[in-house]
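Participant: Take this structure first; my questions come after.
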Amino acid sequence: MSKSSTGRDERIGDFVIENEIGKGSFAVVHKGYRLQPREPVAIKIVIRKKLTPKLLDNLEGEIAILKAIHHPNIVELKECLKTEHQIYLVMAFCASGDLAQYIKKRFDIYERAGMAEPDSLTKGFKPTYPHPVDGGLNETIVRSILTQLAAALEFMRARDIVHRDIKPQNLLLQPPDAAFLALGNPREIPQMKVADFGFARHLSVNTLAETLCGSPLYMAPEILRFEKYDAKADLWSVGAVLFEMTVGKPPFRAANHVELLKRIERGEDKIKFPDERSAGSLAREAARRQELGEAPLPPPHPVSEDVKILIRQLLRQRPVSRMSFDDFFASPVISDFKAFIRPRAQPEAVERYEDLQRSERSVIIPSSGIKHVSVSSIEASTQQPGVQPPVSTATSPPALESRSTQEASPKAITGETIAPNKTPREDARPPRTLPRAFSAKYVTGEPPQPEDLEKRVPPTMTRTPSSPGIPEGSLLSGERDEAPQATTEHFGSSKGGEDSFLGKEYVLIEKQSVEVNALADELAASPQSRLGLASRRPSRLSRLSSGPLPSAPGASPPTAPPTILSSKPIRIANNTNTASTGAFALPPGSRPSSFPRRASLSSSGSPSTRQGGQVITNMDAVASTQSNRRDGNASSFPKDEVSVLGQRLAGFGLSGSGVGGGPSSALAKAISMASLRLFGVPSGVSLRDAAALVRTRAQRRGIARATDSLDEAEMTLLSTLEDLGQKAFVLSEFADSKLAHFFPDGPHQLSQELDSSTATSGISPSRNSVQGSARRVGSISSSSSSAVDPVAAEAASAEALMLYVRSLAFLQRAITLTKRHVESRSRPGVPAVTSAELNDVVQWLRARFNEVYDKADFARSRCSELPESAQQVDKLIFDKAVEVARAAATDELENNREGSGWDPSHCLLAYETANSMLSSLLDPGEDAMSLSEGSILMIDGYVKSINKRLWTLQEQFGGGVGAVGAAGASPVGVDAEARPGVSRSRTESP
C-alpha cells in the first residue's frame with residue numbers, strides 16, 4: 001500500500017512512506033525517510049501476489065546482490081522488510097533522477113534535488129561545464145559518468161555479477177557526497193549509481209519478453225538474435241549509453257526490436273556521428289526545414305576522437321570483435337579523466353577507494369528471510385500502533401529463501417544431485433530409487449470394434465533417431481557449443497559456488513522462448529490487413545475461445561446442411577488479449593487451470609465434420625509421417641532405451657539414474673458416466689458439456705472457408721498452427737493432471753482470484769458454477785496430498801516436465817512455420833502485411849508457450865532426478881492415449897443402447913483426445929526422432945480404430961444429442977477405405 005484512505009503517510013518499520021516517484025509492472029517506488037536519524041530513502045514496494053516464482057527469484061537475486069555489495073556507484077540497499085501482502089526494499093535515495101531524464105532535460109542537479117547550490121553555481125555565474133546546444137551532455141560530464149559506470153562494472157565483474165540491463169533509466173544521479181568530492185570530482189558533476197539488479201541473477205521468459213518489448217535500444221545484437229551471450233553484452237549497452245550521452249539520442253532507433261536488429265546489421269559496425277555529416281548534407285537538411293517552416297538546427301558539436309574510437313569499439317556486432325573488459329577499463333577516455341581529477345583528490349580517500357576496488361570478492365548468499373513488520377498510518381498528533389501481521393506459511397507466498405541451483409555436469413548425469421531445499425554447501429543426497437509403475441506389455445493388432453479397443457494390449461513402441469546429433473530447434477540444450485542457436489536456459493538453474501554468484505560468464509537463454517515472444521511482438525507491431533467489422537471472418541482461435549457459434553444466415557456455405565446444437569452456446573468475451581482469454585480454453589466443467597483454456601482436442605488428422613465438402617489437411621504432419629515411414633525400422637523398444645529428450649535433460653539439472661514411474665491414474669480405477677475424467681485429473685475434468693466444443697468444429701471450418709479474406713497459403717498455415725496447438729494442448733493437459741495429483745497449488749491450477757476475474761470478463765455463469773465445483777474437488781485432492789509419497793510426487797513431476805517439453809516443441813514448431821511464412825512475404829525495409837487472424841493465433845501461441853514454460857519450471861523445481869518412466873515419454877503418451885480410448889470404448893459398449901438416452905459427448909471428446917495424443921507420436925516434432933515401422937503401423941492402427949468409432953458415433957447421432965456435425969459430412973483424416981462410398985480424392989481435398 002502506498003497511502004491510507006485518508007491521504008496520511010504510512011509507516012513501515014522505522015521508515016515513513018511518502019509520495020510515489022516511480023511505477024512498474026510489479027512494484028511502485030515511493031520517496032520516504034527514516035525516522036531516526038532522519039534521512040531520505042527510496043522505498044520499492046513489491047506486491048507479493050503479482051510475483052510468479054520466476055519474478056520472486058529475480059527479486060531474491062536483487063536483494064542478495066544489493067545486500068552483499070557496497071560501492072559508491074551502486075545503489076545501497078538499507079533494509080528489506082515485508083508484510084503479508086508487500087515486500088519493501090528500502091534503498092538510498094538519488095534525488096536528481098536518472099540519466100535518461102538528465103540527457104533529455106539537462107537540468108541542474110542541485111535544483112532537481114531541492115538543495116542549495118554551491119556558491120560557485122549560484123545564478124549569474126557562467127556554468128563550468130555547459131552542455132552542447134544541439135543535444136547531449138558536456139564532454140567532461142560524459143567522461144565522469146562513464147568513469148563511474150566503469151568503476152561499478154569493474155567492481156561487479158570481480159564478483160561475477162553481470163547486470164544485463166544497463167540503460168540510462170537504471171543509472172541514477174544525485175549531487176556529489178563528501179566521499180565523491182574527496183576523490184577530486186568537481187561539485188558540478190553528478191554522482192552516478194547503478195540500480196535495478198532484477199536481471200542480474202538469471203533472465204527468465206517473462207522478464208526477457210518485457211525487456212524486449214519495453215527497452216531494446218540498449219540490448220546487444222546477440223540478445224536480439226536469440227543467441228547465447230556473455231558478459232560482453234553489458235559492454236554493448238555501455239557503448240549505447242555513451243553514444244546517447246555524447247550525441248543526445250541512442251545510436252539505433254526503431255519501432256520494435258526486430259527492425260532495430262535489422263538497422264544494426266545494416267550499419268555493418270559503421271557508427272556515424274552528427275559532426276561527420278558533410279556540408280552538402282547539412283545544407284539540404286537546412287533547406288528542407290526552411291521549406292517546412294521549421295527552425296534551423298544548430299550546428300553539431302564536435303566529438304573527441306578518443307570518445308568516437310571507444311564507442312565504435314564497444315558497438316561491434318560480434319562479441320568476439322568487441323573490446324574486452326580489461327581494454328575498456330584501461331581506455332584513454334577513462335584513464336585521462338582519472339588523471340584529470342587526481343590532483344584535487346585527497347590521498348586517503350583515493351587509497352580507501354582503490355582498496356575497495358581491489359577488495360576480496362564478496363560471497364553473495366541469497367537472503368534466508370525478511371523480517372515481518374507492520375504498516376501503520378502516520379497521524380499528525382499521535383501514531384496508531386500497527387498490528388503485527390501473522391506469519392502464515394500456508395497462505396502467504398514463500399519467503400525469499402535460498403534455492404539450490406545446479407548445472408548440467410557429470411555429477412548431475414551420474415546422479416550426484418543436490419536436494420531441492422538445500423544449499424550447495426550441504427551434502428548431496430544419493431539418487432532415489434523410484435517405484436516402477438508402467439508395464440511394457442504390448443501386442444499388435446487393429447480391431448475396429450469397441451470390444452477390441454477395450455481388451456487390446458499395445459505392443460512395444462520404438463523411436464529411433466532419424467539424424468545424428470542434436471537438432472537445431474530442440475528445446476533442450478546439449479553439450480555441444482558449436483551451435484549457439486540451439487542454446488537453452490536451464491529452467492531456473494545457474495551455477496552457484498562458494499564465492500561466485502553466477503559461476504560462469506555465459507548465460508544460457510531459452511532461444512525458442514525468445515523467438516516466440518519476438519515473433520509475437522513483430523506481428524503485433526506490423527501492418528495488418530483488417531476487414532470491416534461486419535465482414536471480417538472471426539479468428540479461428542477467437543472462435544475457439546467463444547465456444548459454439550449461433551446459427552446465422554451466411555455463417556456457413558450454402559451447401560452445408562444445418563448443424564443441430566443441443567445445448568446453449570458457451571459465451572466467452574472475445575478478447576484479443578490472449579493472456580486473459582486464451583483460445584483452446586476448456587469448456588464448462590473443465591478443471592481449473594492457470595490460464596482459461598478450451599479443450600480443442602481435435603486435430604486435423606482426426607475425425608471431424610466439415611461443411612461444403614471441404615477438408616483442412618495438415619500437410620506438415622502428413623509429410624512428417626511419411627518421413628517416419630521411410631526412416632523407421634522394425635526394431636523393438638528396449639526398456640532402458642532413452643529418448644533424445646531424456647538424454648538431454650541434463651540441461652534442466654536432472655539426472656537419469658532413477659527407475660520406476662509415477663502414480664497410476666484415477667481413470668483406470670473407476671470409470672462411470674458421472675465421474676469420467678480425461679487423464680484422471682483429481683480436480684475434475686467433467687465431460688458433461690464437452691460435446692459443445694466438438695459440435696463447433698464443422699461450423700468453425702465452414703466459416704473459415706466461407707470467405708476469401710485469406711489466401712490459400714495462409715489458410716493452410718492457420719490449419720497447421722491449429723493442429724500443432726491442439727497437440728501441444730493435450731500434452732500440456734496430460735502433464736497438468738500428473739502435477740494435480742500431488743500439488744494442489746501451482747501454475748497448473750487456477751487461483752480463485754483469476755477465476756473471479758475471468759468471470760467478470762464475459763464467461764457464462766454456468767462456467768463459474770462448474771469451476772466452483774471443480775475447486776471443491778481440488779480441495780479434496782489437496783487435503784489428501786499431505787499423505788502422498790514424496791518419491792511418487794517427484795517421479796510425477798519429472799514425467800510432467802518431459803510432457804511439457806514435448807508440448808513446448810509443438811508450440812515452437814508453430815512459431816517457426818509462422819516465421820518462415822512472414823519472412824517469405826517480407827521485402828527489404830518493408831515488413832510483411834499479415835492478417836489480423838494470424839496475429840491473433842501467434843499471440844495465443846506466445847501466451848501458451850510462456851504458460852507451459854512456467855509449468856515446466858514448476859515441475860523441474862519439484863524433481864531432481866529423471867526416472868525411467870519420464871525418460872520414455874513416448875510410452876507415457878501412448879499408454880494414456882490407449883487408456884483414454886479404452887475408457888471411451890467401455891462407456892460406449894456398456895451404455896450405447898437404443899432408448900437409453902445416452903449422451904455420446906463423453907466418448908466423442910475422449911476419442912478426440914486419444915487421437916490427438918497418438919497423432920503427436922506420429923509427428924516427430926523438435927526431438928528429431930522417428931518411430932520404427934512397427935510402431936508407426938501399430939499407432940496408425942489405433943488411430944484408424946478410433947476414427948471408425950468416431951465416425952460410427954457421428955453417423956448414429958448425426959441429428960440428435962451430441963451431434964458433431966451434419967449427416968453425410970466426412971471426417972478429417974479418415975482413410976477412404978475406412979468408410980465405404982468416400983473416395984480418397986474427396987477426403988484429401990484441401
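From the backbone N, Cα and C atoms, a Cβ is placed for every residue, glycine too.
The feature active site, proton acceptor is assigned by Swiss-Prot to D165. Annotated ATP binding site per Swiss-Prot: I21, G22, K23, G24, S25, F26, A27, V28, V29, K44, in sequence order. According to Swiss-Prot, the feature compositional bias 'Polar residues' maps to 375-408, 750-771. Look at Swiss-Prot and you will find 529-554, 587-613, 772-784 tagged as compositional bias 'Low complexity'. Per Swiss-Prot, the feature domain 'Protein kinase' maps to 15-334; the stated evidence is sequence analysis. What Swiss-Prot records for 375-499, 529-566, 579-614, 750-784, 970-990 is region 'Disordered'.
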Participant: Taking only the Cα atoms, work out how far I21 (ATP binding site) lies from D165 (active site, proton acceptor), in Å, as a whole number.
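Facilitator: I21 (ATP binding site) and D165 (active site, proton acceptor) have their Cα atoms 21 Å apart.
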Participant: Using Cα coordinates, what distance in whole Å links the residue listed as 'active site, proton acceptor' and K23 (ATP binding site)?
Facilitator: 17
Participant: Return the residues near K23 (ATP binding site), defined as same-chain residues 6+ apart in sequence whose C-beta is under 8 angstroms from its C-beta, sorted by sequence, else 'none'.
Facilitator: V29
Participant: What number of additional C-beta atoms lies within 10 angstroms of the C-beta atom of V29 (ATP binding site)?
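Facilitator: There are 19 such Cβ atoms around V29 (ATP binding site).
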Participant: DSSP three-state call for D165 (active site, proton acceptor): helix, strand or coil?
Facilitator: coil
Participant: Least buried of the binding-site residues I21, A27, going by other Cβ atoms within 10 Å?
Facilitator: I21
Participant: Please report the three-state DSSP label of K23 (ATP binding site).
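Facilitator: DSSP call for K23 (ATP binding site): strand.
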